[in-house]
Amino acid sequence: MKPSIYGLTRDELIAWAIDNGQKAFRATQIWDWLYRKRIQSFDEMTNISKEFLAILKDSFCINPLKQRVAQESADGTVKYLFELPDGMLIETVLMRQHYGQSVCVTTQVGCNIGCTFCASGLIKKQRDLNSGEITAQIMMVQNYFDQRGQDERVSHVVVMGIGEPFDNYQNVMTFLRTINDDHGLAIGARHITVSTSGLAHKIREFANEGVQVNLAVSLHAPNNELRSSIMRINRSFPLDKLFSAIEYYIETTNRRVTFEYIMLNKVNDGVEQAQELADLTKRIRKLSYVNLIPYNPVSEHDQYSRSPKERVAAFYDILKKNGVNCVVRQEHGTDIDAACGQLRSNTMKKDRQKAAAART
């Protein structure tokens with residue numbers, strides 16, 4: 001399968017064009033066709049010579065994704081299941097916010113982080129997505145708007161879908177540069193958030209990139225014993241290593257870090273844990289923020305359930321009394337396969353059942 005041209009940054013596309021005997025402005029024209037006019041076929045590039053179009057077609061495809069499923073929620077959230085060229089499945093989510101249209105992208109096929117409450121890890125990591133496959137998710141959603149004549153654009157991006165973004169670091173960084181490019185989609189860096197489960201060395205590397213992209217850390221527990229029991233990654237990067245990296249990030253960038261905290265009933269949502277969390281984040285209070293997330297139950301993880309509103313409220317109150325900036329996250333798509341990885345997992349089950357039925 002040819003690589004997607006979406007996998008190149010503008011500078012890389014210019015270098016490729018020059019290597020193929022073209023002037024730099026040809027690459028700029030191609031970039032404009034891809035991201036401003038958002039064409040679906042190289043043949044639509046009317047100011048590119050037939051000879052160079054032939055080279056383009058021989059070298060690249062445009063969009064490598066095929067839509068398998070689109071579930072639309074009553075609140076306007078759309079959950080997509082896309083098929084990759086090798087038949088693997090990934091999820092992408094469009095969330096309609098009051099401040100714009102936000103898209104959550106996937107960075108890996110499956111996940112090896114091993115969080116015990118998460119649907120994404122039900123299927124182990126098969127491979128990384130390349131940068132073109134990540135960018136194509138944004139283009140698929142933008143095409144959804146364009147084809148309906150909707151004067152809307154993808155304005156915000158969260159890299160929080162299936163997989164650990166920092167375990168696919170270079171492809172994610174290429175993706176970020178592509179969607180942020182002022183000559184293309186021009187999605188503002190401060191409108192982009194990358195979430196990590198806590199790869200401390202990559203947080204340090206990200207701090208040194210000099211980008212204005214937001215960082216979120218999936219914390220979910222305020223002490224090592226509890227965090228290691230629900231997030232295997234904590235055994236490799238315990239809280240002292242993680243917070244050392246976070247403090248380095250804050251000192252280097254002077255940017256705020258968001259902590260994501262899924263509320264699991266009678267697991268991590270007690271008043272003791274709330275106080276521990278307040279104490280844990282005390283040193284970085286001015287540049288940190290806690291996002292309390294209602295849990296979307298997963299049938300394969302039936303040992304967990306959603307925290308009742310009263311426990312969430314008590315947890316929230318303790319954080320606020322300790323001066324912690326925090327919010328309970330607004331839910332989206334609760335009437336569809338809402339948990340990350342759930343649509344993919346359910347579709348794969350159905351595919352297996354159909355295949356088994358066909359053999360009998």
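The backbone N, Cα and C atoms fix where each Cβ goes, and this holds for glycine too.
As given in Swiss-Prot:
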ACT_SITE  GLU91  active site, proton acceptor
ACT_SITE  CYS340  active site, S-methylcysteine intermediate
BINDING   CYS111, CYS115, CYS118  [4Fe-4S] cluster binding site
BINDING   GLY163, GLU164, SER195, SER218, LEU219, HIS220, ASN296  S-adenosyl-L-methionine binding site
DISULFID  CYS104-CYS340  disulfide bond
DOMAIN    97-335  domain 'Radical SAM core'
Alpha-carbon distance [GLY163 (S-adenosyl-L-methionine binding site); CYS111 ([4Fe-4S] cluster binding site)] in Å:
5
Which of the three DSSP-derived classes (helix, strand, coil) applies to the residue listed as 'active site, proton acceptor'?
strand
What are the sequence-distant neighbours of SER218 (S-adenosyl-L-methionine binding site), meaning same chain, six or more residues apart, C-beta distance under 8 angstroms?
CYS115, SER195, THR196, SER197, GLY198, MET231, GLU260
Tell me which of the recorded positions GLU91, LEU219, ASN296 ends up closest to CYS118 ([4Fe-4S] cluster binding site) in space, Cα to Cα.
ASN296
Name, in the order they occur in the sequence, the residues of the same chain whose CB lies under 8 A from the CB of LEU219 (S-adenosyl-L-methionine binding site) and which sit 6 or more residues away.
GLY198, ARG227, PHE259, GLU260, TYR261, LEU277
Pairwise Cα distance for CYS104 (disulfide bond)/ASN296 (S-adenosyl-L-methionine binding site) [Å, integer]:
16
Neighbour count, 10 Å Cβ-Cβ cut-off, for ASN296 (S-adenosyl-L-methionine binding site): what number do you get?
18
Looking at the domain 'Radical SAM core' (97-335) alone, can you tell me the average pLDDT?
96
Rounded to a whole number, how many Å is the Cα of GLU164 (S-adenosyl-L-methionine binding site) away from the Cα of GLU91 (active site, proton acceptor)?
14
Let's check the environment of GLU164 (S-adenosyl-L-methionine binding site): how many other CB atoms sit within 10 Å of its CB?
26
Near GLY163 (S-adenosyl-L-methionine binding site), which residues of its own chain have a C-beta under 8 A away, given they sit six or more steps off in sequence?
THR106, THR107, GLN108, VAL109, GLY110, CYS111, SER120, LYS125, ASP128, LEU129
Any idea which of the binding-site residues CYS111, CYS115 has the thinnest Cβ neighbourhood at 10 Å?
CYS115
DSSP-derived class (H/G/I helix, E/B strand, else coil) of SER218 (S-adenosyl-L-methionine binding site):
strand
